[in-house]
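Q: Here it is, the structure, as structure tokens.
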Amino acid sequence: MFATPLRQPTAASPNPKSSPGMDDHGKPYQYEITDHGYGKDAVKVLHVSRKGPVHTIQEFEVGTHLKLYSKKDYYQGNNSDIVATDSQKNTVYLLAKKHGIESPEKFALLLARHFINKYSHVEEAHVHVEAYPWQRVCQEETRTPSNGKCENGGQGNCDFSSIDDRSLHNHAFVFTPTAFHYCDVVVRRTDPKQTVITGIKGLRVLKTTQSSFVNFVNDEFRSLPDQYDRIFSTVVDCSWEYSDTENLDFLRAWQTVKNIIIRNFAGDPQVGVSSPSVQHTLYLSERQVLDVLPQVSVISMTMPNKHYFNFDTKPFQKIAPGDNNEVFIPVDKPHGTIYAQLARKNINSHL
């Protein structure tokens, strides 16, 4: 979280708010701080919206980092400009109480703008938010099976239902970590346009057919045969940057990206879709996101291979005669990693 690349110092005119060029011993600095900042990480907050009998919850883990104009806290041990990280933590709770919580992005924008507007000596505010995936309990999940039948007489275990119009509980929720929603918002005092990056992480998917990998480089280092039909499994990590957030429904946009990724991976429920390579599936997903969401300027995606190798039953023909296409060995290391970033032309991004 909040990882930044190492940067060499760049020639720039001195900032009038920056620290003087002498250390606390009255000597010129020999070195220059080229990046700095501080903040509070892993601030957990649960907000409950109680509008009548139907309650809505949002549980976040929040990080707030500030970059000050001055570096005197580093050079001289002068803390007079520091907004304590404990104060930053309190700000998370107080703004949640005062304004409520709708989405990770809107709450992150609220926090970042607050720090910039409240403290004139703050040059940059960076807020990271991860949402916990709570969903409402549905009616089918509250029914008790009896003799293999639900209370309504249907067969099955009365578990999660895929029926779109199922009745949802007013105030009970179930944790469903299919994928995690996160965002990073950066607001700079000198830049009128904020940076808003949203992401999906931990989206694990698998399909048992319609995936191949053939006609790749064949030389003296190759041992892998052509794979005409294989298990395809990956854990998708994806992030994208918005060029325009005016009147944007962040939650709907996040769900749209997730649905696009799953659709390009799985295809039609009855027919499926062919995947000639992980690269091609990744590209189709990114391209469709840019087609469908004009507010997205650039998208980046990583899809590591989660291998499932066929168990060799040839030495055990007396026990398990015939070919084996049912039993596989999950192998997570080593694994291939495929990634790409797709951007609209003439767009600068922070991904």
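Every residue, even glycine, has its Cβ placed from backbone N, Cα and C.
Features from TrEMBL:
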ACT_SITE  Lys40  active site, charge relay system
ACT_SITE  Thr85  active site, charge relay system
ACT_SITE  His307  active site, charge relay system
BINDING   Thr85, Asn305  O2 binding site
BINDING   Thr85, Asp86, Phe213, Arg230, Val278, Gln279, Asn305  5-hydroxyisourate binding site
BINDING   Thr85, Asp86, Phe213, Arg230, Val278, Gln279, Asn305  urate binding site
REGION    1-30  region 'Disordered'
Q: Considering Cα atoms only, can you say which of Lys40, Thr85, Phe213, Arg230, Gln279 is the nearest neighbour of His307 (active site, charge relay system) among these recorded positions?
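A: Checking each of Lys40, Thr85, Phe213, Arg230, Gln279 against His307 (active site, charge relay system), the shortest Cα distance is to Arg230.
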Q: List, in sequence order, those recorded positions among Thr85, Phe213, Arg230, Val278, Gln279, Asn305 whose Cα sits within 10 Å of the Cα of Lys40 (active site, charge relay system).
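A: Correct set: Thr85.
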Q: Based on the record's binding annotation for 5-hydroxyisourate (Thr85, Asp86, Phe213, Arg230, Val278, Gln279, Asn305), what whole-number value in Å is the widest Cα to Cα distance?
A: 52
Q: Report, in whole Å, the straight Cα-to-Cα distance of Asn305 (O2 binding site) from Thr85 (active site, charge relay system).
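A: Thr85 (active site, charge relay system) and Asn305 (O2 binding site) have their Cα atoms 39 Å apart.
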Q: Around the C-beta of Lys40 (active site, charge relay system), how many further C-beta atoms are within 10 angstroms, looking at every protein chain?
A: 20
Q: Roughly how many Å lie between the Cα atoms of Phe213 (5-hydroxyisourate binding site) and Asn305 (O2 binding site), rounded to a whole value?
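A: A Cα-Cα distance of 12 Å.
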Q: Inside 10 Å of the Cβ of Phe213 (5-hydroxyisourate binding site), count up the other Cβ atoms and send me the figure.
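A: Other Cβ atoms found within 10 Å: 19.
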Q: Applying a 10 Å Cβ distance cut-off over all chains shown, what neighbour count does Arg230 (5-hydroxyisourate binding site) have?
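A: Step by step: centre on the Cβ of Arg230 (5-hydroxyisourate binding site), count other Cβ atoms within 10 Å, giving 19.
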Q: CA-CA, which of the binding-site residues Arg230, Val278, Gln279 lies nearest Asn305 (O2 binding site)?
A: Val278
